[in-house]
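S.K.: Dropping a structure here in structure tokens format, bear with me for questions.
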Amino acid sequence: MAKIPEVILRSCEKAMPVVGMGTSSYPQADLETGKAAILEAIKAGYRHFDTAFVYGSEQHIGKAIAEALSLGLIKSRDELFITTKLFASFAERDLVVPAIKMSLSVALSFYVVIFLTISSPISPLKTSHVRRTRVLRLFFVFWISKLELDYVDMYIIHWPFKLSKEVKSMPVEKELIQPLDIKSVWEGMEDCKKLGLAKGIGVSNFTPQMLEELLSLAKIPPAVNQVEMSPIWQQKKLREFCEAKGIHITAYSPLGASGTKWGDNRVIGCDVLEEIANAKGKTTAQIALRWVYEQGVSLVTKSYNKERMRKNVDIFDWCLTQQESEKISQLPQRKTVTFASIVGPHDLVLQIDQEI
């Protein structure tokens, strides 16, 4: 099996493997299950792991890395590329640095939280009592071990809107969803990179209009835009826009998020993909993933099944014919993952769903 290739990203200090293992699951996997799956993925050759504050899997990755080092599966943490994401409840200028510190930290205590918050150059403890109380409450609610790392390789704004307070379940009330202040939040993201807490910074689910605004004010441009992309949601216009602007696309749900609350089987059950797979002696998933990779993007895919995990990275020593690729390019298009299905069919959310 060929080694997973890497891509050089703009304004990122480290090359990124073009296939990453996703760690979002519904319901959430327990610690031992998640850790075991990540260890198995490392054995299978994965070196990029994608998580997020809201996934509840940062701790799984942290524990798995520690065990992989002790077992000799990797020689150093630097062999891995770790992506995590800023949750929408922290999408404020003075919450970004404390939020990434929380994702990185180990077994936060109340006093450690205070120290981490004070150490931020834009400390919320220097602002209003209301804001200070909110920050400390957020940290106290999520008082658990996290990645246990000094830095992440990529830190991403997860959602292109803000939640006005912490939430514990979805969907959410309409009044909690607010427009994202791109300028101020991105300044916080730039601080993360300047402080060495992230090697690279990026966004997720950003429309061309949002990216134009961001590029007009960013001192450090976004390295990636992580969006839904698959053979049945090909994102051609967005890909062309991002390529012209030097922003790398990472595809999430390239297999249609089959088996999740928000996904379906339209990719895995696609007759065209299945026909090509049978002709080439591959799985339907391999055909879909290979097609996505051949579009010049990276991808994040998730399976905790050992066999599928290995097959999902066995896509680099063969290719699709021009005829096969053209057949896939002509598939009917329909978005699978919508924010409306996750947080609720509110006006701002519906608008974003239409544009991306």
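Just so you know, the numbers here start at 1 and follow the chain as drawn.
Including glycine, each Cβ sits where the backbone N, Cα and C put it.
Annotated active site, proton donor per TrEMBL: Tyr55, in sequence order. The substrate binding site annotation in TrEMBL covers His158. Positions annotated as domain 'NADP-dependent oxidoreductase' by TrEMBL: 19-330. Residues annotated as site 'Lowers pKa of active site Tyr' in TrEMBL: Lys85.
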S.K.: Sorry to bug you, but what's the C-alpha spacing from His158 (substrate binding site) to Lys85 (site 'Lowers pKa of active site Tyr'), rounded to the closest Å?
M.R.: 5
S.K.: Counting Cβ neighbours within 10 Å across all chains shown, tell me which of the recorded positions Lys85, His158 comes out on top.
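M.R.: Buried the deepest by this measure is Lys85.
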S.K.: Compute the C-alpha separation of His158 (substrate binding site) from Tyr55 (active site, proton donor), stating it in Å without decimals.
M.R.: 11
S.K.: If you average per-residue pLDDT over the domain 'NADP-dependent oxidoreductase' (19-330), what number do you get?
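M.R.: Mean pLDDT for the domain 'NADP-dependent oxidoreductase' (19-330): 89.
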S.K.: Taking the Cβ of Tyr55 (active site, proton donor) as centre, how many other Cβ atoms lie within 10 Å?
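M.R.: I count 22 other Cβ atoms within 10 Å of it.
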S.K.: For Lys85 (site 'Lowers pKa of active site Tyr'), which DSSP three-state class applies?
M.R.: strand
